[in-house]
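This report concerns only the one structure given below.
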Amino acid sequence: MEPGGRRGLASARGPASATRKPRQEPGAGAEARAPGVSAVRARRFLLCLYLVGFLDLFGVSMVVPLLSLHVKSLGASPTVAGIVGSSYGILQLFSSTLVGCWSDVVGRRSSLLVCILFSALGYLILGASTNVFLFVLARVPVGIFKHTLSISRALLSDLVAEKERPLVIGQFNAASGVGFILGPMVGGYLTELDGGFYLTAFICFSVFILNAGLVWLFPWRDAELTSTEKGLPVGKNPALWGKTDCEVQEAAAPCQSRASGKPARPPWVEVTSTLRDMKSLIFSEMWDIFMVRLLMAVAAMLYYSNFMVGLQERFGVRPRAAGYLISYSSALGALAGLALGPILRLYRHDGHAVLLHSSALTCVLLLLHAATHTVAVAVLCASLLAVSTAVGRTCITDLQLAAGGAQASGTVIGVGQSVTAVGRIVAPLLSGVAQEVSPCGPPSLGAVLALVAIFIMSVNRPRYGRGGRDKLKSE
């Protein structure tokens, strides 16, 4: 726009003005250098987000493995401990979509800060829980506001181009996975000290406070400039950090409504309106994506929920060795996020094909794990399953964002988390029934569910072929 405008002014002023054209070269050189500066800014902000994901799962994974032991030490019966454990999933079921939609309305910066601070409050109360009531009370703010990773993924979707999104989300998952690998090791060491659980919970609280400080100090101006240079809507950029100045978002709908004399609607009205608009899209156009997500999530949970018990009953593997195998698998899952870029290039950035093939591999590996009689094959299955499930999770998130559109990425990811929460509620029940039949029952049932997901993806494959994403968005 600027060079064209200058040429118009030169022609209007005549030959004398035209002779000064060469003086535009320094400006052109600055514009040529702008992409490099933009890339540095984008990379800096992405690294900040990766650090937030790492610290989030590092703090959580220090405490979560110790929760069942702590609540039992407070005198809770196994039934009460199970109910308390399920309460987190139930809260997540209802809060994921609402918080995701709320982040679309008020902005990523405000929603991230609120979620991190309330989660920190929950872990602070947990560190002071000397009875079951305080323990349950501590899980309430965490169950409602522990959506840091979901909002971060929505923010990544705001910042990067659609072609780069699976790679960046995979790197974010890898950084978070490293935190999940290191956290249990630190938590296990601290637990052996006097008052170890309370010390671990307080350290987790401190990690979340540190995370909130990082979010507050983020270079949010770089995020705004990066999203503008990526070609995203102008009105979307202020939503990254909750700014509502009409001078900045001239093309945004809220300011247009103000310019036309319509009063701005309260945030809860905006949330309700967004959810109403998303309802038809989810149930008419995205039902297959969320069904596949639910089936594959339950299949993976069936496998991992009885992993240690199955290894002990079928192969006589000691719990310590099984724990090492879990850490090894988690490390492979983190590395799979870094390998997603070459995989997507191999598939020419066809995310649906990657998801279909990774789900097929998961199905085969679950069947092989259920049928094997040797530890070596079980270890091989565990290794490859860590890779296939990690790749599948990233691809299904990318398909959700592609089908749901850029304007409600937080809502779409929130709905996906609610679907996963349904899986957390259903999987233990199915796992218990399958375990009654056979120690091989949970992975076998998981393979059946994965096969159903593959069938759904195969039937709906034409909608996700070339141009399928554009078709979904236009609809």
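Cβ from N, Cα, C; glycine included.
Those TrEMBL annotations? Automatic predictions, nothing curated.
Of the listed segments 168-190, 352-374, TrEMBL assigns transmembrane segment to 168-190. Between the transmembrane segment (45-68) and the transmembrane segment (196-218), the number of CB pairs under 8 angstroms, six or more residues apart, is three or more, so the stretches are in contact.
Counting residues 6+ beyond its ends, the transmembrane segment (325-347) has Cβ neighbours under 8 Å at 166-167, 170-175, 177-178, 180-181, 184-185, 307-308, 311, 317, 353-354, 379, 382-383, 385-387, 389-391, 394 in the same chain.
Proximity of distant same-chain residues to the transmembrane segment (196-218), defined by a Cβ-Cβ separation under 8 Å and at least 6 residues beyond the stretch ends, is recorded for 45, 48, 51-52, 55-56, 58-60, 62-63, 66, 69-70, 109, 112-113, 116-117, 119-120, 123-124, 126-129, 148, 187, 190. Sequence-distant contacts of the transmembrane segment (110-126) (same chain, six or more residues past either end, CB-CB distance under 8 Å): 52, 56, 59, 63, 99, 102-103, 134-135, 137-142, 144-148, 151-152, 155, 201-202, 204-205, 208-209, 211-212, 215-216, 241-242, 410. Ranked by the number of CB pairs under 8 Å to the transmembrane segment (80-103), the listed stretches 286-305, 377-396, 408-430, 442-459 are led by 408-430. Mean pLDDT, taken over the domain 'Major facilitator superfamily (MFS) profile' (45-465), works out to 81 on the 0 to 100 scale.
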